[in-house]
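K.L.:
Let me begin by handing over the structure; questions about it come next.
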Amino acid sequence: MSFLSRQQPPPTRRAAAACSLRQKLIFSPGSDCEEEEEEEEEGSGHSTGEDSAFQEPDSPLPSARSPAEAEAERRRRSPGAEPSSPGELEEDLLLRGGGGGAQAAGGGAEGDSWEEEGFGSSSPVKSPTTAYFLGSSFSPVRCGGPGDASPRGCGVPRAMDDPCSPQPDYPSTPPHKTFRKLRLFDTPHTPKSLLSKARVIDSSSVKLRGSSLFMDTEKSGKREFDTRQTPQVNINPFTPDPVMLHSSGQCRGRKRAYFNDSSEDMEASDYEFEDETRPAKRITITESNMKSRYTTEFHELEKIGSGEFGSVFKCVKRLDGCIYAIKRSKKPLAGSVDEQNALREVYAHAVLGQHPHVVRYFSAWAEDDHMLIQNEYCNGGSLADAVSENYRVMSYFTEAELKDLLLQVGRGLRYIHSMSLVHMDIKPSNIFISRTSIPNAVSEEGDEDDWISNKVMFKIGDLGHVTRISSPQVEEGDSRFLANEVLQENYSHLPKADIFALALTVVCAAGAEPLPRNGDQWHEIRQGRLPRIPQVLSQELTELLKVMIHPDPERRPSAMVLVKHSVLLSASRKSAEQLRIELNAEKFKNSLLQKELKKAQMAAKVAAEERALLTDRMATRSTTQSNRTSRLIGKKMNRSVSLTIY
């Protein structure tokens, strides 16, 4: 659509002051406005070319007229209708000029430069009439008919009305295809960004993912969630990959919630996304309003132990009738340093699961700010109790029992280290004894102890100092069993610190004097010297214990090497796995011998065949020579000579 804009000469007097900047729009042939003009002509049936607000470019342009001439022209078109005041005349001119009537053609002196959207300047020209139009509260009034004497009667029917209607309707808005194309406002609509639709996030604005795809959420009443109401959970730091629990498993699974059109908002989405991905707050050990689970589910039989952390009670569970060991903290742990140790023990138990040489964990809960842990009950008590009893009666663990202790606890450490964890508090009071006559089943590693070992099972317990090998948070244990490198805060060989403590534990079980907590003797032990043992041990076992407390942690054997040491695997104590290994080795040797035997047999057979073939060849050669001799003719014989003479 093309435009021709002609600036009229500045008018004079009051009309010039009111409409000094308006321009007339003249459309070129073939424009869309000609269709409007045709529709207006069809609707009115009597409008002429001079009644149209749009003129052909070849038609003569009206010259500037005075206000008196404009008033006379309006009186001529609407007889009997006189404006009461110049202000009313201006209002009438504005309405009729915007409506496309003849007054628009005759009011060239009042025109602004009204431009079509997308052409010319990007902002309209503000004129006094435009300001008057915006400031007033009137609306265009429909005419009662062509003969209406009101000054607001426009006399121009709407193009969309039926041309056959005797009383055609008149437009209540300027008869333009798009009202906004007239640009009668001072400024265009400000583009709204996504941020302009921001609203305060509440639980009612966040819908479940995908709820708006298949049904109306308002009608369906689909349940909603609030990220602030999400139940809190603890994050176990001893799982194989604790970081992926929030970045992989949750960030991928939970995405931003969908918002409806009225509340769609990037800031709200980002706020919710950050709230979702933020690590969950840790649940602390607080007072519970629930009824005591300890008294409800368990019946306390006796107190079987006490330590720095708390007391251990022997209890029977009312539901299954089995005996369990319930550890209860002595004092409230909420907000204390011991709270982290209690949680660390629960985390470690949950990750390690079930192993024949680790005390089994069942459950844990908090009551009145106290932590309670339900563990496996070991009927033999702790190794410390056994050592104390032996010391009282002046008896000791035999060498066979010491080897069994070293082997079983070594297997437990091998399992803990395989989970990338370290115990960091191996000592006699943390090793428990379970006496049973039931043969032990094959463990996860395929190890099965013999009947003697099954009568006494040594299990590692008290996991309050467990930490990860890769990212250690070391809480130093008993100084009597603490390796020197840990005291120096060298955490590069933490599994070897458990080996060091295990060697001293075996020394205590062998009958040695109580270990020092500090002093010269303490440093002598860290230099690789064993404490004095009141019984005579084999040289092999003594050397093994010395290697286990070597000052250089790299020289100490790992738990994997320890459980396969030849000293611990005697003929009467070899595991089924070791016996199978030896059996397979013997089978392999037998197979090699069988192959060698087959090769020797094949070689002998080939040699016999070669000898037989050689004999046949010799016999064939002699027979051939004899045949040749018998067929020879003329040897030692007179040959007949015939001669013919012609």
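Every residue, even glycine, has its Cβ placed from backbone N, Cα and C.
Heads up, here are the entries from Swiss-Prot:
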MOD_RES   SER78  phosphoserine
MOD_RES   SER85  phosphoserine
COMPBIAS  96-110  compositional bias 'Gly residues'
COMPBIAS  120-130  compositional bias 'Polar residues'
MOD_RES   SER123  phosphoserine
MOD_RES   SER127  phosphoserine
MOD_RES   SER137  phosphoserine
MOD_RES   SER139  phosphoserine
MOD_RES   SER150  phosphoserine
MOD_RES   SER165  phosphoserine
COMPBIAS  165-174  compositional bias 'Pro residues'
MOD_RES   THR187  phosphothreonine
MOD_RES   SER269  phosphoserine
BINDING   ILE304, GLY305, SER306, GLY307, GLU308, PHE309, GLY310, SER311, VAL312, LYS327  ATP binding site
MOD_RES   SER306  phosphoserine
ACT_SITE  ASP425  active site, proton acceptor
BINDING   ASN430, ASP462  Mg(2+) 1 binding site
MOD_RES   SER642  phosphoserine
K.L.:
For VAL312 (ATP binding site) and ASN430 (Mg(2+) 1 binding site), determine the Cα separation and express it in whole Å.
P.N.:
13
K.L.:
Which ones in the same chain are close to SER306 (ATP binding site), with CB under 8 Å and 6+ residues apart in sequence?
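P.N.:
Expected: VAL312.
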K.L.:
Tell me which of the binding-site residues ILE304, GLU308, ASP462 ends up closest to ASP425 (active site, proton acceptor) in space, Cα to Cα.
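P.N.:
Comparing Cα positions, the closest of these binding-site residues turns out to be ASP462.
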K.L.:
Quiz question: given the binding-site residues ILE304, VAL312, which has the greatest number of C-beta atoms lying within 10 angstroms of its own C-beta?
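P.N.:
The residue with the most neighbouring Cβ atoms within 10 Å is VAL312.
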K.L.:
So how many other Cβ atoms are close to GLU308 (ATP binding site), meaning within 10 Å of its Cβ?
P.N.:
9
K.L.:
Out of ASP425, ASP462, which of the recorded positions has the smallest number of neighbouring Cβ atoms within 10 Å?
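P.N.:
Each of the recorded positions ASP425, ASP462 was scored by Cβ atoms within 10 Å; lowest is ASP425.
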K.L.:
Compute the C-alpha separation of ASN430 (Mg(2+) 1 binding site) from GLY310 (ATP binding site), stating it in Å without decimals.
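P.N.:
One finds 14 Å between the Cα atoms of these residues.
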K.L.:
Would you say which of the binding-site residues GLY310, ASN430 has the most Cβ atoms within 10 Å of its own Cβ?
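P.N.:
The most densely surrounded of these binding-site residues is ASN430.
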K.L.:
What Cα-Cα separation, expressed in whole Å, is found between ASP462 (Mg(2+) 1 binding site) and GLY310 (ATP binding site)?
P.N.:
11
K.L.:
Widest Cα span across the ATP binders ILE304, GLY305, SER306, GLY307, GLU308, PHE309, GLY310, SER311, VAL312, LYS327, in Å?
P.N.:
14
K.L.:
Check SER306 (ATP binding site) against DSSP and tell me helix, strand or coil, would you?
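P.N.:
The residue in question, SER306 (ATP binding site), is strand (DSSP, three-state).
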